[in-house]
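Engineer: Input: one structure, supplied below.
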């Protein structure tokens with residue numbers, strides 16, 4: 001089923017993170033550990049943020065972000081840990097759709113979280129009126145709908161290409177860059193479209209985030225007390241850290257979609273994007289947030305007593 005005879009593929013084989021047999025057991029236990037940390041950390045965030053003292057828009061968005069992180073890791077990791085590396089055509093379509101949907105939705109959600117911080121810092125007297133329950137739900141729904149549109153278009157465009165080999169994908173899940181390498185047709189037009197989509201999905205929310213933080217920083221600098229300035233900025237620092245991690249890894253993966261020489265680098269970046277960052281998010285938000293830490297300690301104390 002090579003590219004030479006143009007036999008269309010109906011099944012793929014994922015290479016995983018490494019083809020070296022001596023590393024397989026180490027990688028298996030490492031990924032299991034990281035995935036367990038992702039589940040535990042994000043489930044704790046979901047539990048903690050339903051506490052009455054944390055019923056604010058910021059923690060509502062954080063709860064949704066944790067759910068998306070769990071979903072992203074759960075779409076990718078089980079197949080990584082499976083001894084059977086083969087994946088059907090339909091399975092590959094489904095996995096790509098889910099990964100793109102979750103990634104795009106997270107980006108729009110991060111923009112919504114930046115807007116929430118902007119209103120909290122720059123419009124504090126109107127915060128409760130602007131960021132009411134309806135507004136928060138609308139922003140989450142808009143993020144999901146935007147992610148769905150992006151995912152449907154990207155998945156449809158990729159799988160309208162003639163994929164004729166090789167059958168083995170040098171990746172650990174079905175993603176756009178490795179699938180483009182299997183096409184027996186000219187993909188230059190699609191690559192340009194993908195770069196445009198990357199700009200739309202990543203840089204448009206990123207620009208909105210930068211604009212929000214420009215207003216936030218301007219407001220913070222006008223605060224006379226150094227302690228108040230630090231306290232105000234500390235409520236935004238966790239979100240800014242997460243945005244930086246997502247932006248750095250996401251853009252490096254998709255801005256050069258068909259560069260075969262960088263596939264190993266892309267695998268590392270994709271690992272960071274889909275597994276490592278979801279593990280770090282609960283740590284970033286809990287370690288830098290006094291309210292979350294206090295509630296987390298109470299929840300852990302209750303769980304230990306049980």
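Every residue number used here counts from 1 along the chain in the order it is shown.
Glycine residues also receive a Cβ, built from the backbone N, Cα and C atoms like all the rest.
Annotation comment: TrEMBL describes 26-48, 60-81, 87-115, 136-159, 195-221, 233-256, 268-287 as transmembrane segment. If you look up TrEMBL, you'll see 41-285 marked as domain 'G-protein coupled receptors family 1 profile'.
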Engineer: Between the transmembrane segment (87-115) and the transmembrane segment (26-48), are there at least three Cβ pairs closer than 8 Å, leaving out pairs fewer than 6 positions apart?
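Structural biologist: The transmembrane segment (26-48) and the transmembrane segment (87-115): touching, no.
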Engineer: Tell me, what is the mean pLDDT of the domain 'G-protein coupled receptors family 1 profile' (41-285)?
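Structural biologist: Mean pLDDT, the domain 'G-protein coupled receptors family 1 profile' (41-285): 85.
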Engineer: Are the transmembrane segment (136-159) and the transmembrane segment (60-81) close enough to be called in contact, which here means at least 3 C-beta pairs under 8 A that are separated by 6 or more residues?
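Structural biologist: When sequence-distant Cβ pairs are counted, the transmembrane segment (60-81) touches the transmembrane segment (136-159), since at least 3 lie under 8 Å.
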Engineer: Which residues of the same chain, at least 6 past either end of the transmembrane segment (233-256), have a Cβ under 8 Å from a Cβ in it?
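Structural biologist: Hits for the transmembrane segment (233-256): 58, 103, 106-107, 110, 113-114, 117, 120-121, 175-177, 194-195, 198, 202-203, 206, 209, 213, 216-217, 220, 262, 265-266, 269-270, 272-273, 277, 280-281, 284-285, 288-289.
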